[in-house]
Amino acid sequence: MFLEEYDVIVVGAGHAGCEAAAASANLGCSTLLVTMSLQNIAQMSCNPAMGGIAKGQIVREIDALGGYSGIVSDNTAIQFKMLNKSKGPAMWSPRVQSDRMRFAEEWRLMLEGTPNLDFYQEMVSGMVIENNKVLGIKTSLGLTIRGKSVVLTNGTFLNGLIHIGDKQFGGGRAGESAAYGITEDLVKAGFESGRMKTGTPPRVDGRSLDYSKMNVEAGDINPSKFSYSDVTKPLVHQRDCHMTYTSLLVHDILREGFERSPMFNGRIKSLGPRYCPSIEDKINRFADKDRHQLFVEPEGWNTCEVYVNGFSTSLPEDIQFKALRSVVGFEKVKFFRAGYAIEYDYFPPTQLKHTLETKLISGLYFAGQINGTTGYEEAASQGLMAGINAALKVKEKEPLILKRDEAYIGVLIDDLITKGTEEPYRMFTSRAEFRTLLRQDNADFRLTPMSNTLGLASDARLRRMEHKLNESEKMVAFFKETSITPTEANPVLIAKKTAEVNQTDKIFKILSRPQIDLSDVLKFENVANYVANNNVDQEILEQAEIQVKYSGYIDKERANAEKLTRLEDLKIPEKFDYHQIKSMSIEAKQKLSKIRPVTISQASRISGVSPSDISVLLVFLGR
């Protein structure tokens, strides 16, 4: 029925579980993916979209590391947008609207085509743990399946409790059972657990909406894609989304249900995602606002089901329906299903190492919402890293730990491990101090070489990345070496209302001006000839432009990152006794003793540990 013992067992087949299973199997480990329903692999439980601000960077990093999310997202996209294009490239974030059903189907097809990967459908009810080491899992039918390592990616299923108005019932997602037993086993083993909350909006019948009353939200005219590989192509055709607004009337109707709202009557005590509040939370917290945006998002190419982005709610169904019917364009709306809130168990992530292995139990890894994060992309990236590190541990190889200056994934995991979280954590560009280095356009430069060394990213991917890097560097060198005369440069400079040049100048210097962009220098004959003669594509041109315009910022961040690296190299002994340092604050001693940072750099990022505490620690360690 099963192998006698698997190298890696992955529990849960959401975004984290799928990436974990794929990574482990692709690294040559015998892998078992266990889920409560094989029909629900890689479900988009909430919005039908991938990417977005900072999240798009994460999807590109997953792809650069050899994960599947970028390819699946490209192959099932119905619309593409590059967000924040009006800002600098450090802020550009790709996002796709997805075909929900095709997304899950594509994930399953890719997993079924992955060697070394087995599947099993059943609820996992507990862990097999001996002498602080995981040995496998127990199922609800009483089976024991042995594994050298286990990755838990349970999403919202651990003791999940769904709320709609004054109704509540167990469930991990609408129409699916919650998972029981795992939390209890882990708490018994010494883990600390907590509760979090998230929510989702109603789904409605698009045939009942009047789109003529809404604003059209179209995709990019020249769409890009997530994957750096050549196995996917940018969209040729796209579906529009739409935008409408709530109103004071809608807000008044929603307030009618507050006394029956689990958020306001005390039934829900857990904290929800700060940056994705429910509609009732928005009108309560921002009572001065007359309206809130609602994005009307199709769920696929061939379905009339629509996701009402911005209307997450746990209010009673009748209030949800009445309020939506008062929204412009929704006057005749028909419901497919009501919105709801869900509470679930999580485990404070300060109990993990940077590999996502638990400190308490050897061979046990956590990834996704079990660690207190929210979002498909955050979950998928953790799953990928947990799957990689579980496989590397089995093979007795060094783990893969991404630093804060190497990837948003590194920032995410470091934040979780060193700071913890008491509310659902989502990634933002503002969380990354080296975001100019961590752009969406260069994730392949940053991560594909190390992934290729591991055996995840193929040689073909590496060659493609090296070609892009070499050609963009040649283009930058051309800009630095090639001069332009005032006769040719000034007409362009005048048109852009920037100072003329009085003598021959380098194209690099001209392009460095904020008023000048790539389309301007392409008007210069020598640039146009270089591009034509060398078949320079748009991706390489954009990469070269970024390197020119932001070279100063990039150099400054690299210098700061090198300083951080020096602190990362200063190790703290594993069992160091912080209580012996009398001049360190009590709070710092407590936090450091609990989190057990591996390096001085990690210690400095822990909340409650001051610079003076770090100075004392450095002196004590003789550094």
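Just so it is clear, glycine is given a Cβ too, placed from its N, Cα and C backbone atoms.
Record features (Swiss-Prot):
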type	residues	note
BINDING	G12, A13, G14, H15, A16, G17	FAD binding site
BINDING	272-286	NAD(+) binding site
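The binding-site residues H15, R274, K282 differ in how many other CB atoms lie within 10 Å of their CB, and the one with the most is H15. When secondary structure is read from DSSP and collapsed to three states, A13 (FAD binding site) falls in the coil class. Other Cβ atoms within 10 Å of the Cβ of E280 (NAD(+) binding site) number 25 in total over all chains. Around G14 (FAD binding site), taking its Cβ as the centre, 30 other Cβ atoms fall within 10 Å, counting all chains. Compute the center of the Cβ atoms of G12, A13, G14, H15, A16, G17, which mark the site for FAD; besides them, the chain residues with Cβ within 8 Å of that center are V10, C18, E19, A20, T35, A42, T153, G155, A367, G368, A379, G383. Rounded to a whole number, the distance between the Cα atoms of A16 (FAD binding site) and C276 (NAD(+) binding site) is 20 Å.
The separation of S278 (NAD(+) binding site) from A13 (FAD binding site), Cα to Cα, is 26 Å. Around the Cβ of A16 (FAD binding site), the same chain contributes T153, G155, A367, G368, Q369, A379, A380, Q382, G383, A386, each under 8 angstroms and 6 or more positions distant in sequence.
Shown in sequence order, V34, T35, L152, T153, N154, G155, F157, G368 are the residues of the chain, 6+ apart in sequence, with a C-beta less than 8 angstroms from the C-beta of G12 (FAD binding site). Within its own chain, G272 (NAD(+) binding site) has M196, K197, T198, G199, S278, D281, A341, E423, P424 as residues 6 or more apart in sequence whose C-beta sits under 8 angstroms from its own. Residues near F286 (NAD(+) binding site) in space but far in sequence (CB under 8 A, at least 6 apart, same chain), listed by position: H292. For G17 (FAD binding site), the same-chain residues lying six or more positions away in sequence with a CB closer than 8 A to its CB are V10, V11, L33, T35, V151, T153, A367, G368, G383. Look at the binding-site residues A13, C276 and count other Cβ atoms within 10 Å of each Cβ; C276 has the fewest. Calculated from their C-alpha atoms, the gap between H15 (FAD binding site) and R274 (NAD(+) binding site) amounts to 22 Å.
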